[in-house]
Amino acid sequence: MARAAELSDVMSVQALHDEARAKVNLTLRVLGRRVDGYHELESVVAFADCADRLTLQAGSELSLTATGPRVQECGDNADNLVIKAARLLGERVADLRTGSFALDKQLPIAAGIGGGSADAAAALRLLARANDLALDDPRLIDAARKTGADVPVCLASKSCIMTGIGETLLPLALPRLPVVMVNPRVAVATKDVFAALGLRSGQLRVGVTDVVTAPKWPDQAAPLDAWIAVLAAGINDLEAPAKKLQPVIGEVLKLLGKARGARLARMSGSGATCFAIFADAAAAEAAAQSVSAAHPDWWVHAGTLG
């Protein structure tokens with residue numbers, strides 16, 4: 001009781017803050033479509049150093065306000081995954097302390113980098129802090145899974161191999177990878193990309209390589225070339241159908257792939273955000289400046305993955 005009272009007192013005078021980091025699928029294999037409509041996936045996932053920012057202030061009612069350059073793209077706050085995640089956790093934790101969330105929306109939406117899922121995961125982490133819950137609390141994990149397929153991996157926000165429908169996470173120690181991320185400011189609905197893949201209910205994709213049994217992963221301290229070799233052997237199975245829906249994705253990949261110092265260019269998730277891993281941070285920054293100059297209306301970020 002004393003601990004709960006202490007947490008309530010602290011939260012009442014001090015807002016809690018967290019970052020919702022962008023998720024990047026370095027590889028993404030679609031193994032098949034389950035009879036329940038979900039797709040079985042295997043993906044090497046990393047997290048970038050760009051993020052939305054979320055704040056929680058104690059209050060008697062659950063609410064959300066959103067600001068930032070992407071706020072007009074967010075839609076109705078009542079449908080936001082932040083609210084959905086909080087409500088799902090409230091169904092599992094008696095007398096859950098919630099309050100007012102404030103979202104600073106920096107990441108593009110419907111972009112293949114888990115923006116909404118990362119926001120929901122950040123909300124769950126904030127609520128865990130406010131209610132003295134461990135991040136591995138089964139109720140928190142279950143709420144994350146029920147919120148969305150990408151929310152569990154975003155809850156951890158650590159590089160990993162993600163399998164199943166996103167519920168199984170195998171740790172993978174990645175080095176810091178210099179990266180440029182580009183979104184051409186077109187939204188791509190995940191359901192449309194999967195539909196374009198054309199898998200029937202219960203259909204398996206015979207012959208798809210299992211990334212878990214891929215060639216041995218390099219040590220974290222291994223040279224960049226070793227990591228590029230393994231990652232380049234992978235693929236994003238959603239890239240081809242996404243390019244059919246939004247051909248500009250192909251243009252982005254071409255620009256990134258021919259940039260000086262680019263070692264690997266690929267689409268993340270269901271698009272339209274693409275990324276390129278570079279030889280060093282200077283090359284990444286130069287490429288980002290070049291893309292921004294040629295396409296000032298695109299979202300461009302130079303940073304690191306890890």
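Every residue, even glycine, has its Cβ placed from backbone N, Cα and C.
Feature annotations, reproduced from Swiss-Prot:
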type	residues	note
ACT_SITE	LYS23	active site
ACT_SITE	ASP150	active site
BINDING	PRO108, ILE109, ALA110, ALA111, GLY112, ILE113, GLY114, GLY115, GLY116, SER117, ALA118	ATP binding site
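Its Cβ taken as reference, GLY112 (ATP binding site) is surrounded by 30 other Cβ atoms within 10 Å in the chains shown. A separation of roughly 12 Å, to the nearest angstrom, links the Cα atoms of LYS23 (active site) and ALA110 (ATP binding site). In this structure, the CA atom of GLY112 (ATP binding site) is 10 Å away from the CA atom of ASP150 (active site). ALA110 (ATP binding site) sits 13 Å from ASP150 (active site), taking the Cα positions as reference. Annotation for GLY116 (ATP binding site): same-chain Cβ neighbours under 8 Å, separated by at least 6 residues, are ASN80, LEU81, ILE109, GLY148.
Here the binding-site residues are ALA110, ALA118, and the one whose Cβ sees the fewest other Cβ atoms within 10 Å is ALA110. The Cβ neighbour count for PRO108 (ATP binding site), using a 10 Å radius over every protein chain in view, is 24. What surrounds the ATP site, by Cβ distance within 8 Å of the Cβ centroid and not counting PRO108, ILE109, ALA110, ALA111, GLY112, ILE113, GLY114, GLY115, GLY116, SER117, ALA118, is the set ALA22, LYS23, LEU107, GLY269, THR273 from the same chain.
Comparing ALA118 (ATP binding site) with ASP150 (active site), their Cα atoms are 8 Å apart once rounded.
The two recorded residues ASP150 (active site) and GLY114 (ATP binding site) have their Cα atoms spaced 7 Å from each other.
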